[in-house]
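According to TrEMBL, the protein has these features:
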- 96-131: domain 'EF-hand' (DOMAIN)
- 138-173: domain 'EF-hand' (DOMAIN)
Ligand SMILES: [Ca+2]
Ligand SMILES: [Ca+2]
């Protein structure tokens, strides 16, 4: 715990970050520590990290959606300290389910057309199963199955409210959409 102590953040700033996020004080200090290490001691409010630096963190390195996560939480292809905190907050244990669902939808809307469509579903399935060579038949079966369960208006894609409804019936989702440690 003591390792995470860092004195270059003012007490009031720490309190403010705590009020604005779902993170604990210690989590904020840990992330601050990592951020400072990666930006080589520059003043954290002025420094940014590249997407490569963030997606190489142990917390994200093995996540099959790390490119999408970085896309959704970065601004202008870089991460400010507050961008990193925002990301950590959404993935924290205490973040409210509706916030997690909102960001999950943005992460899974891979072609960014505002819906989770068949194209997105195929990529999501490939990544989750870690399989490039799933047969076309099996893929169609899986996407049809998901759509049959969740596509309530039969337009072959999931709107945000259809996705939200499906996720609320899926108790595993909340525990999987979580990152417990950001340490290096
Ligand atoms: Ca889409
Ligand atoms: Ca639909």
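Any Cβ shown, glycine's included, is placed from N, Cα and C.
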Review point. Sequence-remote contacts (6 or more beyond its ends) of the domain 'EF-hand' (138-173), Cβ cut-off under 8 Å?
Key: 97-98, 100-102, 104-105, 108, 114-118, 121-122, 125-126
Point to revise | Secondary structure content of the domain 'EF-hand' (138-173), with strand meaning DSSP E or B | key: 25 helix, 2 strand, 9 coil
Review point. DSSP says what for the domain 'EF-hand' (96-131): how many helix, strand, coil residues?
Key: 24 helix, 2 strand, 10 coil
